[in-house]
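J.: One structure follows; several queries about it will come next.
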Amino acid sequence: MKFMKPLAAAVLAVIHCGAVADSNVSSVSQQGSMNTATINQSDPTVTDNQIVVIQDGVGNVSDAEQLDNTTDSLISHIQIGDDNDAMSLQEMDVSLATTAINQQGDMNDAETIQANSISNSTISAVQVGTDNEFESRQDSQVSSSTISSVQVGDTNSVNLDQIDSVDSSTINVSQDGDTNDIEAEQSTSVSASTMIFTQVGDQNTLDSNQFQASSVSASILQVGTSNDADIDQFVNVSSSTSSIIQSGSGNVAFTDQSSDVSGSGISVSQDGTDNDAEVSQDDVVSLSFVSVSQTGDMNEAEIDQEGDISSTSATVEQGGSSNNTDINQSNFIDSSTATVFQSGDGNDAQLL
């Protein structure tokens, strides 16, 4: 993340709204290069406020803050050009608040935080171009809130977190292009929350985690070749689902549910050749399932259910030739099943 740039040959706009920051509108429009806009709305109640920054040029910086009891307020960044930075902070009892970022160009960075009791609030970013970055966090008592990101172009990256008591909240990311990367996490007492990811293109990677999760879901759709998807749900996982769908060749899907898993399921669907699905449920698993479906040739499916497993199932269906399945159920297995369906030539299945 590239923060404040030197102010030589720059235009600096600084707006501060202190005392009772209520129903204020701060608007800045800048054209040219190396401009900086810094706006602060704070103390003690930020209600019905708006910050709007529009910058057209190269190497510009937009920095906006709304602090203390931020209610029904907006921060908006619009940047057109390359190598621009947009930064936002909404903090302390944030309710019905919105941060919106729109960047068009290459090598742009956006960072935004909503912190300390977040409810019914939204962070969204749209970036069009290459080599762009978006980092965002909703932190501490997050309820009914959303982080969303749309990136169009190549070599872009997203890093999103909802952490520390997360309820009925959503992370939603869409990327269209090649060699893009997503990292996302919902952690520490997560309930009734969702992560949704879509990547269209080749050589994309995705790594997601849900920690201490009940009634949560994570779903990934990847269309293209040589993509990699990873979902981890761990520690007291109940009534939760993990789903990966991949269309194309040379893709890898890895998903894991571990450390006291009940009433939960994993599904993987791959359409194409030379794909790999690796799935595990381990360390006390009950009333749960794994389902893998692969269509095409030279695919591999590996399922591990280990460590005090009861009333669980593992199912693999493969259509095509030269496919391979390995299912391992071990260590204190009770009332559990493993099933493999294969159609085609030269296939292999091992159940342990």
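Heads up, the Cβ atoms here are built off N, Cα and C, so glycines get one too.
Keep in mind that TrEMBL annotations are predicted by a computer and have not been checked by a curator.
Here's the feature list from TrEMBL:
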type	residues	note
SIGNAL	1-21	signal peptide
COMPBIAS	255-272	compositional bias 'Low complexity'
REGION	255-280	region 'Disordered'
REGION	296-330	region 'Disordered'
COMPBIAS	308-330	compositional bias 'Polar residues'
J.: May I ask for the residues of the chain that lie six or more residues beyond the compositional bias 'Low complexity' (255-272) and have a Cβ under 8 Å from a Cβ within it?
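T.: For the compositional bias 'Low complexity' (255-272), the nonlocal Cβ contacts are 225, 229-249, 278-296, 299, 301.
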J.: Could you give the number of helix, strand and coil residues in the region 'Disordered' (296-330) as assigned by DSSP?
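T.: So the region 'Disordered' (296-330) is made up of 0 helix, 23 strand, 12 coil.
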